[in-house]
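**Student:** Let me give you the structure first, and then I'll get to my questions.
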Amino acid sequence: MEMKQPEIMNREDGGEHEKEQESQENGRLVADSVAEKGQKSCSGPGQVSNGYPSTSPQSPRDGAGAGADRGSTPGAFRTLVVQQTSLDPPRETWSKKMDFLLSVIGYAVDLGNVWRFPYICYQNGGGAFLLPYLLMAVFGGVPLFYMELALGQFHRSGCISIWKHICPIFKGIGFAICIIALYIAFYYNTIMAWALYYLLSSFRATLPWTTCTNQWNTPNCTHYLSTDLNVSWTNYSISPAEEFYIRQVLQVHLSPGLHQLGWVSWQLALCLLFIFIVVYFSIWKGVKTSGKVVWVTATFPYLVLLILLIRGATLPGAWRGVVFYLKPDWSKLLTTTVWLDAAAQIFFSLGPGFGVLLAFASYNPFHNNCYKDALVTSSVNCLTSFLSGFVIFTVLGYMAEMRQQRVETVAKDAGPSLLFIIYAEAIANMPAATFFAIIFFLMIIMLGLDSTFAGLEGVITAMLDEFPHLLARRREWFVLGLVCVCYLGALSTLTYGGAFVVKLFEEYATGPAVITVVFLEVIAVSWFYGTTRFCNDVQLMLGFAPGVFWRVCWVAICPCFLLFIIGSFLAFPPEVRLFDYLYPFWTTVLGYCIGVSSFICVPSYMVYLLVTTKGTFKQRLLKSITPEAPGSSGPQRDTIVITNAV
């Protein structure tokens with residue numbers, strides 16, 4: 001049971017110095033005349049951190065003077081504002097504003113910005129793709145991004161406990177988000193383990209994926225460039241970079257498919273263990289530590305991108321890649337696929353619905369301008385995606401020039417293969433290949449670490465807010481247990497057939513489930529909690545309310561935006577293929593079961609709440625969609641009691 005202690009500060013007679021200090025810590029009493037009662041106090045420094053209006057704190061001397069002046073009017077009413085403050089420790093906050101911004105940017109800018117956006121851009125009309133991409137960002141992605149930052153900052157809660165302040169019956173959304181975050185941790189960090197393997201292999205004069213004389217190479221291995229006059233490329237030829245990736249790093253050739261994954265690769269297991277050790281010591285103490293780590297992990301990729309862009313622009317044939325990347329094909333805009341890809345790309349790039357934005361914003365000061373933060377960070381994310389396209393395609397143009405092939409032939413692979421095969425091979429054929437290989441794969445690891453920090457922090461914040469008395473003082477142990485669970489869950493992705501598991505999780509475990517969860521989140525906030533109430537909350541924080549554009553987006557455009565993506569997933573299920581392996585039908589069923597396993601938390605909690613709530617069905621339904629009264633909700637929220645006294 002939460003323990004609270006009301007204290008009233010006697011401003012009339014001054015009091016003792018010790019009593020004044022105790023009163024300042026535990027409560028404030030403000031004396032106002034009736035004429036001043038009508039004044040608004042909903043903004044400015046006189047607001048308490050949880051969003052309830054209060055007056056500006058005064059020094060004891062000022063308070064005594066004010067009380068004496070007002071007390072001179074006989075029989076006048078005075079308003080006593082009593083603040084009951086929780087005895088629990090205050091909520092942690094970011095050390096600096098830049099810690100928060102870099103954390104959000106690091107979370108939003110991930111591996112998908114480096115490979116997925118350039119690939120989708122050239123596949124969907126090049127420069128013409130930027131039009132649907134920007135429209136989807138303005139009317140769908142950014143409003144959702146802004147909404148989550150505002151929700152997290154106002155209610156100061158993680159993705160589970162926040163729902164009792166909004167609409168309790170949707171609390172299952174928070175549990176679903178946590179399960180989705182675990183699924184992502186199972187496979188996403190494995191890609192960083194691959195990059196770490198490449199990084200360790202780069203510390204040699206001759207990169208191992210440039211020659212065909214290694215033990216993992218086959219007779220079909222062909223090192224083919226325009227300078228190799230005696231080498232011819234056939235339909236059976238395989239580049240040494242592809243064989244290194246498939247046969248040495250992944251060892252996919254030792255697994256026939258998902259039905260027989262094979263043994264765990266001990267090299268990748270050690271690489272992933274190192275990744276999780278870095279993750280643990282970066283987030284175990286909270287945002288105070290992770291906020292410092294992102295100064296390196298969020299800024300270093302931009303330095304590397306700039307270096308690679310300058311180097312790529314000076315390579316022969318770079319212009320061919322840029323033209324192929326940006327040459328507009330306006331006829332593609334008439335197809336539904338382009339708009340679907342634009343919507344999915346901006347959604348997964350900005351990342352609403354994963355609980356991360358709620359968690360990060362909950363550590364902000366109450367009056368932080370989250371509106372400006374949303375615009376800045378989302379703009380940086382989109383510009384980074386656009387910049388990454390130049391970095392990738394200048395190098396692909398160089399590869400096309402060296403192989404004397406067309407750019408689309410070189411860039412036929414999507415996904416991590418674009419980075420670990422095509423780009424790795426291009427780097428290997430540059431002067432100073434070892435240096436560029438080291439900084440490139442270090443950049444890949446940094447990009448992944450930021451997203452992992454954010455994803456796990458979303459789960460940690462949610463659980464600590466939901467079970468504060470159990471976990472608040474045991475954060476380090478809880479984080480250790482969570483990291484161990486993620487490592488054990490990732491073991492299946494470290495097997496010889498682990499790449500097949502990664503692809504399965506990527507296609508089914510996160511996409512449809514998280515989009516459905518965000519759709520329900522928007523409905524709960526806009527239609528049940530109410531757009532008017534939400535906008536009033538924002539005005540209380542920022543001093544201005546969201547305009548008509550944002551209201552229309554939250555009520556109508558964003559739900560339609562999300563329904564469009566969900567409907568396309570259901571109407572056109574993807575044909576999953578990796579290398580030469582076509583996923584059988586039973587893997588599709590397995591994938592949908594994994595996706596449903598997280599989403600099932602939403603209806604399950606609805607039934608649970610309706611069954612356990614007392615009263616008639618109508619009373620239970622009304623109570624389940626009514627936000628809890630302020631003051632009875634969290635261990636760290638303050639209650640303001642206003643009384644009139646003579």
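In case you wondered, yes, glycine gets a Cβ from its N, Cα and C as well.
The compositional bias 'Basic and acidic residues' feature in TrEMBL is assigned to 1-22. Per TrEMBL, region 'Disordered' is recorded for 1-70. Summarising the annotation, TrEMBL assigns compositional bias 'Polar residues' to 40-59. Positions annotated as compositional bias 'Low complexity' by TrEMBL: 61-70. Summarising the annotation, TrEMBL assigns transmembrane segment to 100-118, 130-151, 172-200, 263-281, 293-319, 339-363, 375-400, 420-447, 477-502, 508-529, 549-572, 584-611. If you look up TrEMBL, you'll see Gly106, Ala108, Val109, Asn113, Ser349, Asn381, Leu447, Asp450, Ser451 marked as Na(+) binding site. The disulfide bond feature in TrEMBL is assigned to Cys212-Cys221.
Thinking about packing and proximity, how do these listed features fit into the structure?
**Tutor:** Sequence-distant contacts (6 or more apart, same chain, Cβ under 8 Å) of Leu447 (Na(+) binding site) comprise Val109, Asp110, Leu111, Asn113, Val114, Thr297, Pro301.
Within the same chain, the residues at least 6 positions away from Cys221 (disulfide bond) whose Cβ sits under 8 Å from its Cβ are Cys212, Ser237, Ile238, Ser239, Pro240, Glu243, listed in sequence order.
For the transmembrane segment (263-281), same-chain residues at least 6 beyond its ends with a Cβ under 8 Å from one of its own Cβ atoms are 189-190, 192-194, 196-197, 200, 249, 251, 289, 445, 449, 452-453, 456, 479-480, 483, 486-487, 490-491, 494-496, 498.
Within the same chain, residues 91-94, 100, 103-104, 107-108, 112-113, 116-117, 120, 123-124, 129, 132-133, 135-137, 140-142, 144-145, 147-153, 155-159, 162, 174, 177-178, 180-181, 184, 287, 333, 370, 378, 381-382, 385, 454-455, 457-462, 465, 511, 514-515, 517-518, 521, 561-562, 564-565, 568 sit at least 6 positions outside the transmembrane segment (339-363) and bring their C-beta atoms closer than 8 Å to a C-beta of that stretch.
Only residues 6 or more beyond the boundaries of the transmembrane segment (420-447), in the same chain, are considered here, and those with a CB under 8 A from a CB of the stretch are 109-111, 113-114, 191-192, 194-196, 198-199, 202-205, 207, 209-210, 225, 239-242, 244-245, 249, 275, 296-298, 300-301, 304-305, 307-308, 311, 315, 392, 395-396, 398-399, 402, 410-411, 413.
Long-range contacts of the transmembrane segment (477-502) within the same chain, counting only residues at least 6 positions beyond its ends with a Cβ under 8 Å from a Cβ of the stretch, are 182, 185-187, 189-191, 193, 250-252, 254-258, 260-265, 268-269, 272-273, 276, 279-280, 283-284, 456, 459-460, 463-464, 471, 578-579, 581, 583.
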**Student:** Out of these binding-site residues, Ser349, Ser451, which one has the fewest other C-beta atoms within 10 Å of its own C-beta?
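**Tutor:** Comparing Cβ neighbours within 10 Å for the binding-site residues Ser349, Ser451, Ser349 has the fewest.
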**Student:** Which bits of the chain, at least 6 residues beyond where the transmembrane segment (130-151) starts or stops, bring a Cβ under 8 A of a Cβ in it?
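**Tutor:** Apart from its flanks, the transmembrane segment (130-151) reaches 121, 124, 162, 166, 333, 338-339, 342-343, 345-347, 349-350, 352-353, 357-358, 360-361, 370-371, 373-375, 377-378, 382, 386, 518, 522, 525, 534, 537-538, 541, 546, 550, 553-554, 557-558, 561-562.
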**Student:** If one looks at the chain holding Gly106 (Na(+) binding site), which residues at least 6 apart in sequence have a CB under 8 angstroms from its CB?
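**Tutor:** Correct list: Val294, Thr297, Ala298, Asp450, Ser451, Phe453, Ala454.
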**Student:** Starting from the Cβ centroid of Gly106, Ala108, Val109, Asn113, Ser349, Asn381, Leu447, Asp450, Ser451, the recorded Na(+) site, name every other residue in that chain with its Cβ within 8 Å, sequence order please.
**Tutor:** Ile105, Tyr107, Asp110, Gly112, Gly351, Thr384
**Student:** Look over the recorded stretches 100-118, 293-319, 508-529, 549-572 and say which has the most C-beta pairs under 8 A to the transmembrane segment (584-611).
**Tutor:** 508-529
**Student:** Near Val109 (Na(+) binding site), how many other Cβ atoms are within 10 Å of its Cβ?
**Tutor:** 27
**Student:** How about the transmembrane segment (508-529) with the transmembrane segment (293-319) - do they touch, taking at least 3 C-beta pairs under 8 Å (6 or more apart in sequence) as contact?
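**Tutor:** Contact criterion not met.
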**Student:** At a C-beta cut-off of under 8 Å, are there same-chain residues at least 6 beyond the transmembrane segment (549-572) that contact it? List them, or none.
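**Tutor:** For the transmembrane segment (549-572), the far contacts come to 136, 139-140, 143-144, 146-147, 336, 339-340, 343-344, 347, 511-512, 515-516, 518-519, 522-523, 525-527, 531, 534-535.
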**Student:** Counting across all protein chains shown, how many other Cβ atoms sit within 10 Å of the Cβ of Cys212 (disulfide bond)?
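**Tutor:** Total other Cβ atoms inside 10 Å, all chains included: 15.
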